[in-house]
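Following: one structure in C-alpha cells, then a few remarks.
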Amino acid sequence: MGCAPSIHTSENRTFSHSDGEDEDVDVDVPGPAPRSIQRWSTAPGLVEPQPRDNGASKVSVADVQFGPMRFHQDQLQVLLVFTKEDSQCNGFHRACEKAGFKCTVTKEVQTVLTCFQDKLHDIIIIDHRYPRQMDAETLCRSIRSSKFSENTVIVGVVRRVDKEESSLMPFLAAGFTRRFIENPNVMACYNELLQLACGEVRSQLKLRACNSVFTALEKSQEAIEITSEDHIIQYANPAFESTMGYQSGELIGKELAQVPINEKKGDLLDAINSCVTVDKEWQGVYHTQKKNGDNIQQNVKIIPVIGQGGKIRHYVSIIRVCNGNNKVETTTECVQTDSQTDNQAGKHKDRRKHSMDAKAVSSRTSDVSSQRRHSSLARIHSMMIEAPITKVINIINAAQENSPVPVTEALNRVLDILRTTELYSPQFNAQDDPHATDLVGGLMSDGLRRFSGNEYILATKNLPPLSNNLATPVSLHDVPPRIALAIENEEQWDFDIFELEVATQNRPLIYLGLKTFARFGMCEFLQCSETTLRSWFQMIESNYHSSNPYHNSTHAADVLHATAYFLSRDKIKETLDRIDEVAALIAATVHDVDHPGRTNSFLCNAGNQLAVLYNDTAVLESHHVALAFQLTLENDQCNIFKQMERNDYRTLRQSIIDMVLATEMTKHFEHVNKFINSINKPLTAQESEEPDRSLEDIKAMLKTPESRALIKRMMIKCADVSNPCRPLEHCIEWAARISEEYFSQTDEEKQLDLPVVMPVFDRNTCSIPKSQISFIDYFITDMFDAWDAFVDLPNLMQHLDDNFRYWKGLDEKKLRSLRPPPE
C-alpha cells in the first residue's frame with residue numbers, strides 16, 4: 001500500500017548546516033546507524049563526548065535497555081500533516097533532516113491513514129492551527145482507531161495565544177500525546193524532536209517490547225501469578241488459570257482470599273514472611289485448593305519485586321503442581337532475590353507485618369474448605385456457583401480428574417470453547433470462504449471488519465422524498481381507491497409492498513398499519529381511538545428517513561406485514577397471548593424509526609453522539625425503541641398507551657423493547673440457537689414419544705414466558721430479514737436497495753477518512769449475487785429452517801430456494817449485476 005503523490009519522503013543522509021541558528025547539537029537518539037559523534041555523558045546509556053566532526057550535525061542510534069532486555073531502535077520515522085508547506089512545516093522538515101530521521105509530508109487529509117498504515121511512523125505531527133482547513137482532532141481519532149497506532153506519538157501544533165489558556169482535556173481525549181506551540185525556528189523544532197525521541201518514543205518502544213514478555217508468560221508451562229503490594233491479583237497466565245480451574249481473566253482485579261490457617265501451617269507463614277519482607281524469594285511446598293474444591297500440593301516460589309521508592313510493589317508466584325505420590329512434607333528456603341526491578345536506588349525497608357500472612361499465602365495453605373469465611377474470592381464463588389455454565393465447567397473439571405489422557409485433552413478443548421464469550425457465534429478459519437467470513441463479521445460486529453468484493457456499479461432509481469400532497473386518511477373508509485386496491489390482499493405473503501409504496505407516494509406504513517391494526521383489534525386492546533392511532537402512525541412514519549434507499553418506512557411496512565402474516569399462522573395463534581400480538585405489531589412498526597442509513601459500526605467509528613450515548617452497544621436498536629416511546633409519550637394526541645393499566649403497559653413496553661433489541665445482528669446466532677435448542681428440539685423429542693400424552697406438555701412448555709420471548713424474538717428477526725423469502729422480483733428490488741445504502745456508506749467512509757467497515761460494498765467492485773449468496777447461506781437458511789419447522793411456511797421456503805438458485809446462477813456466470821444482460 002503506497003502513499004499518495006503529494007507525499008514526499010526525504011532520504012536518510014547526514015546534513016551539514018552552517019547557519020547561525022542551526023547550531024550543531026549532537027545527541028544520542030534513535031537514528032539511522034551508529035556513528036562516531038559527540039553524546040551527552042549525563043544521559044543514561046550514552047557514551048562519553050567525542051570531538052565534533054567539522055561542525056556537522058549528526059544523530060546516531062543507540063541500543064535501548066529495558067530491564068535485562070536490550071534491543072535496537074530502527075531509524076525513527078516522522079509524518080508531517082500540514083495543509084500547506086508554510087514555515088512551520090518547513091521547520092520540522094529541516095529538523096528531521098538535521099536529525100537524520102525519515103520524514104514524510106502530506107497535505108491531503110484523506111491520504112494520512114493510508115500512508116500511516118503503510119509506513120507506521122513513530123511520530124505524527126498534525127497542524128492544529130487552522131480548524132477550518134483541517135479537523136485535526138477528528139483526524140487524530142481516526143488514526144487512534146487503527147490497531148497500529150497504539151504506540152505512536154501524535155503531536156498537535158497549536159497557535160500561540162495571548163489570552164488565558166483553556167483545558168487540554170479535549171485535546172488529549174482526541175488522542176494527542178502532547179502539543180507544540182507554533183515556532184518555525186529549526187532548532188526549536190529540532191529540540192522538540194530530540195525530546196520526543198529520547199522521551200515518549202523510547203517509552204513507547206519499551207511498551208512494545210512488553211508484548212514479547214507477555215507472550216513468553218502466556219506460553220509458559222509454569223503457572224505464574226503476579227499480585228500487587230496489597231495482594232490484588234494483577235496477572236495470571238493461562239497455565240495458572242488451568243491449574244487452579246479458573247476461567248480466563250476471572251481472577252484479575254480480585255483480592256486474594258483471607259482464609260483461617262490451622263496451627264500446623266503457622267510456622268510456614270512465618271517462614272514465608274521472614275523471607276519476602278527482607279527482599280528475598282521464598283521457595284517451598286504447600287497445599288491449596290482448586291476452584292472446584294479439590295486439594296493439590298504445589299511447589300511454589302514467591303518473589304518480591306522492588307519498585308518505586310525502593311519498596312515492594314509486586315509479588316510474583318511461580319507454581320508447579322507436585323506429583324500426587326509425594327509425601328505431604330513442607331521444605332522451605334530463602335534465596336536472595338536478584339530479579340531486575342524498575343528502581344535500583346535502594347532495598348525494601350518497610351517491613352509491613354501483614355504483607356503475606358492474611359492474604360497471598362494464607363489462601364493457599366488451607367486444607368479444609370469448611371474453614372472458609374467471608375473472603376473476597378469466596379464471595380465471588382458464591383455469586384458464580386449458581387450460573388449454569390459454571391456448573392457445567394465444574395462437572396467437566398471433576399470428570400477430568402481420573403480420565404485417560406485422550407479424554408482429558410478432549411475435555412480441555414470443550415472447556416476452551418465454553419470459556420469463550422461468543423458461545424453461539426460461528427468461528428471461521430483460514431479455509432472458510434473469505435467473502436462470506438467478512439460479510440458475516442461485518443454484519444455482526446460493532447468494530448472494524450474487512451471485506452473484499454467484485455466489480456459492480458448499481459443503477460437504481462433515486463427514491464423521491466416524502467410527499468405531503470397525499471392527505472392523511474381520516475379512517476379506513478376514507479382511503480383513496482388506488483390505495484384500497486393496493487392493500488386489498490395484505491393478508492397474503494406475496495403482497496406487493498412496492499405497489500403500495502407508489503400508490504401512497506412513499507407513505508405505505510400509515511395505510512398498511514391502520515388496516516393491519518384494525519384486523520388485530522389493536523384499538524380495543526389499547527383502549528385508544530382510531531384518531532389517536534392514526535396520529536401515532538403519522539408521527540412514526542414521519543420519523544423514518546425517506547432519503548434512505550432501504551431503511552425507510554417501506555421497509556417498516558414490509559416488516560409489519562411479515563409479522564402480521566406470522567401472527568396469523570395457527571401455531572403462533574395457539575402459543576402467543578393477546579399482549580404478545582400487540583407488542584409484536586408495535587415493535588415491527590417502530591423497529592427502525594429514525595434510522596440514519598448507516599450501520600452501528602459506522603456510527604461508532606465516526607464518534608456519533610448516539611454511539612457515545614449507548615456506549616457503542618446496540619446503538620441503533622436502542623435508539624429506535626427509545627425514540628419511539630419518547631415520541632409517543634410526550635404527545636397526548638399520539639399516545640396510544642395513555643389508557644392502559646400501569647402493569648399492562650409495563651409488560652407491553654418490556655416486550656416491545658426486547659423484540660426491537662433482538663433485531664441487532666451481533667446476537668443473531670445466539671437467538672437462533674436458543675430457539676432451536678429450547679423450542680425446536682424439545683418439540684421434536686416430545687412429539688416422537690407419545691403424541692397423545694405429550695400434547696398438553698408441549699402446550700405448557702410453549703406457554704412459559706421464556707418460550708414466548710424466544711418465539712417473539714425469532715418472529716421479528718425473520719420478519720426483519722425476510723427479503724430472500726419474498727417473490728423473486730421483490731427480492732431483487734430489496735437487494736438493490738440495501739446494496740445502494742451500503743455503497744453510500746462506503747463512499748462516505750472514504751470521504752471522511754473513516755475505516756471502511758464493509759469494503760465488499762464498494763459500488764465499483766461489488767458482486768451483488770455473491771453478497772446475497774453469503775447472506776442467505778450464513779444468516780437466512782438455518783434461521784428460516786428452524787422457523788418453518790415451528791410455524792410451517794412452505795411458500796416462504798419455496799421462494800427462498802428459487803431466489804438462491806437465481807443468485808447462484810448469476811454468480812456461476814460471473815455476473816455481478818442484479819439481473820442477467822438482455823438477450
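Every residue gets a Cβ built from N, Cα and C, even glycine.
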From Ser203, Ser452, Ser707, name the one Swiss-Prot lists as phosphoserine. Ser452
Per Swiss-Prot, His555, His591, Asp592 bind divalent metal cation 1; matching candidate in Asp416, Asp478, Asp697, Asp720: Asp720
May I ask you to name which of Ser212, Ser382 Swiss-Prot has annotated as phosphoserine? Ser382
Across the domain 'PAC' (283-325), what does the pLDDT come to on average, as a whole number? 75
